[in-house]
Amino acid sequence: MADKGYGYEECEATADWLLARTGVRPAVGIVCGSGLGGLADMLKDQVAFNYEDIPNFPQSTVHGHAGRLVFGTLKGRSCVCMQGRFHLYEGYPVQKITLPIRIFKLLGVDTVMLTNAAGGLNRDFKVGDIMVIKDHLNLPGFAGVNPLSGPNDERFGARFPCMSDAYDGALRQMAMHVGRELGYGDFLKEGVYCVLGGPSFETIAESRMLHKLGADAVGMSTAHEVIVARHCGMRVLALSLITNQAVMDYDSEAKANHEEVLETGTRRAAQLERLVSTMVTKMELNNNNNNYAGDADRGTLACQRKPQ
Ligand SMILES: O=P(O)(O)O[C@H]1O[C@H](CO)[C@@H](O)[C@H]1O
């Protein structure tokens, strides 16, 4: 594994390289979805690195993914933010696109907040809705494309990690609560995200099938990152911005396109940023009073056995 460029030693070398260049010790790691890179601009006292300068890091190739790793503070809490993520369709192995999540872990992150742009499959969803992800369907995983494939390194986590608790219940509850408090009740939803390999958008038959399988939204990211984050014991919150309706009628004239995805991102960016930043504030407060203590640790202990 190590010779492929995404083993423990590579992650450690990258984490050490970053830690030597910033005093920020992040507790929260944020991943920005397509068109949602403005989240990184919320960080104060920034120390930023271009992906091309970071050893072992993949390069962003997708419009709407700037390719910068930004350290800083959000309402006083130390964070690191990926302004741009990697996708299977960019040609990287799934282990490489999720490498930054393992680097988050080695930087000291314990909570990962992921965002993405997704197509709505649930007919009750509208463009502009924010969906708190409660579960996922990993379709590439059905074909053996799983970031944990290959030798397992116990320093990250167990061979067979549990995924029934992938999306932290307390954080989801907090997102719904904070969202309603911010007045987002009308466009805040909960649902199941389905990841596909992309880059082609879905056919009508595929969208209908995914909906029948129980997916509320479809995209080309996130689930792999979640699997890796949970494998190494971080707790996870993930939010989808419904940027377009998946086309499900043969009469429809609509055509999915990346420009619409980015436009919707721009329109809802401020609200999404506010939701994320308010949550970070509350998490900090609740570290003291435990109201929103995540269930990740319990889940991890239940699911992972330490090497004997
Ligand atoms: O999941 P993010 O990175 O937000 O991007 C989504 O937007 C792109 C399609 O427009 C795809 O890459 C899809 O996964």
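Glycine too: its Cβ is placed from the backbone N, Cα and C atoms.
Automatic prediction, not curation, is the source of TrEMBL annotations.
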Per TrEMBL, member of His65, His177 binding phosphate alongside Ser34, Arg85, Phe86, His87, Ala117, Ser221: His65
Range among 249-268, 289-308 that TrEMBL annotates as region 'Disordered': 289-308
Which of His65, Arg85, all binding-site residues, has a Cβ with the fewest other Cβ atoms inside 10 Å: His65
Those binding-site residues in Phe86, Glu202, Asn244 whose CB falls under 6 A of ligand 1, listed in sequence order: none
Lowest local Cβ density among Ser34, Ser221, Asn244, which the record lists as binding-site residues, within 10 Å: Asn244
Site with most surrounding Cβ atoms, counting all protein chains shown within 10 Å, from the binding-site residues Phe86, His87, Ala117: Phe86
Non-site residues, in chain order, whose CB comes within 8 A of the mean position of the CB atoms of Ser34, His65, Arg85, Phe86, His87, Ala117, Ser221 at phosphate: Gly33, Val62, Gly64, Gly84, Asn116, Met220
Alpha-carbon spacing, Phe86 (phosphate binding site) to Asn244 (purine D-ribonucleoside binding site), which is rounded to whole Å: 21
Cα distance (Å, whole number) from Ala117 (phosphate binding site) to Glu202 (purine D-ribonucleoside binding site): 14
